[in-house]
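J.: Below are the features listed in TrEMBL for this protein:
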- Lys135: active site, nucleophile (ACT_SITE)
- Glu206: active site, proton acceptor (ACT_SITE)
- His210: active site, proton donor and proton acceptor (ACT_SITE)
- Gly10, Thr11, Gly12, Gly13, Ile14, Gly202, Thr203: NAD(+) binding site (BINDING)
- Lys135: allysine (MOD_RES)
Amino acid sequence: MHDIRFAVLGTGGIGRRALDVSREKPGLLPVAACDRNGIAIDHDGLDVDELLAATEGNVASDGGAAVKQHGAGAGVVASAQARSTETPIEDIIAESDAIDAVLIALPNLEHDFIPRVAERFTGAGYEGVLVDVLKRSRVIGMLDGRADSFEESGITFVCGAGATPGFLTGAAALAAQSFVEIESVEIHWGVGLKSGYEDNRGTVREDIAHLPGYDIETARELTDEEIEGIVDEHDGVIEFEEMEHADDVLLERAGICDADDVSVGGILDVRSDEKPTTTTVSVTGRTFDGEHATNTFELGDETSMAANVNGPALGYLKAGVQRNRAGEYGVFGPADLMPEF
Ligand code: IKT
């Protein structure tokens, strides 16, 4: 039985894969998907096969200047289930009595973008769950600043619910339980993105914003050719250090350690599907009985980024719905909730 009806904002790499994964997650029924040009909605459940086939290589979802500038396809309106609209989010909200949760799968190429999207839901009186897969630490404070309005509206907001922050933040919170004091949390990811490259151009652009000499504004303005140039300069393998990923503030917020004790880095290989390194979370601390140790959590090298972002995002969405149905509203992070399977 499908008792959670959910919508996806964005039919880029994350939105499409979330729809795909949801078919194998019990209890989830995708009823709406939109991008900046259109909306597909069916309260009996979207035909995900048709939607995925129609939007393959045809992305208009990555709202904002970058995609407009670099040429978008028709996006979701290519689907027989969709219609064009200039007000996709409002159209979803108009149907929200029959939507339990909304996954915001839009890129964060403006720091306040997700908070502004959320405001549109509170402004329209949405009562339900919002989930995002945002990355940047500073956005959490912006969401916390809106916690009262989420509570008044009856919104349960689960923020940073992808891989990092998200799944790996939650793993760090569990690994910390052996200790009474945490010294460091190191998250080091490996992603091989050869066949998924086209679908994940938005993610690569966001990652480039973490390289020395770039920020979110400069990354947003890069042309596709300039991005290819950066990838070529690195022979397709780009290493990231000290990324501004919200795992730090989310672990601090959950009382586990100071944000300064958390570091996030990784290696992205866009020329191979094999991970260039095993994704590992290492939590070092002191036990109550005076030992000093490191607990580690590793992802299998065969698991893809798509599996490790979208599985958790939907798991956290399910957990958010349980909280919402129990009358718990406000902002929750991945270290505050246990995702459901
Ligand atoms: C994200 O989307 O959560 C961040 C991306 C890294 C994903 C790590 C996945 C690890 C794995 O599959 O082993 C990246 C920073 N965009």
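Sequential numbering from 1, following the chain as shown.
Using the three backbone atoms N, Cα and C, a Cβ is placed for every residue, glycine included.
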J.: Out of Ile14, Gly202, Glu206, give those recorded positions positioned within 10 angstroms of Lys135 (active site, nucleophile), comparing C-alpha atoms, in sequence order.
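T.: Checking each Cα against Lys135 (active site, nucleophile), the hits are Glu206.
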J.: Can you go through the binding-site residues Gly10, Gly12, Gly202, Thr203 and pick out those with a C-beta less than 6 angstroms from ligand 1?
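T.: Among Gly10, Gly12, Gly202, Thr203, near ligand 1: Thr203.
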J.: Quick check: in three-state DSSP terms, what is Thr203 (NAD(+) binding site)?
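T.: Helix, per DSSP.
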J.: Cα within 10 Å of His210 (active site, proton donor and proton acceptor): which of the binding-site residues Gly10, Thr11, Gly12, Gly13, Ile14, Thr203 qualify?
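T.: So far as Cα distances go, none of the binding-site residues lies within 10 Å of His210 (active site, proton donor and proton acceptor).
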J.: Which one, from the recorded positions Thr11, Lys135, His210, has the smallest tally of other C-beta atoms lying within 10 Å of its C-beta?
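T.: Candidates: the recorded positions Thr11, Lys135, His210. Fewest Cβ atoms within 10 Å: His210.
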J.: At the level of the C-alpha atoms, what whole-angstrom distance separates Gly10 (NAD(+) binding site) and Glu206 (active site, proton acceptor)?
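T.: Gly10 (NAD(+) binding site) and Glu206 (active site, proton acceptor) have their Cα atoms 16 Å apart.
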J.: Using only the residues recorded as binding NAD(+) (Gly10, Thr11, Gly12, Gly13, Ile14, Gly202, Thr203), report the maximum Cα-Cα distance in Å, whole number please.
T.: 13
J.: What does DSSP call Ile14 (NAD(+) binding site) in the simple three-state scheme?
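T.: SS state of Ile14 (NAD(+) binding site) = helix.
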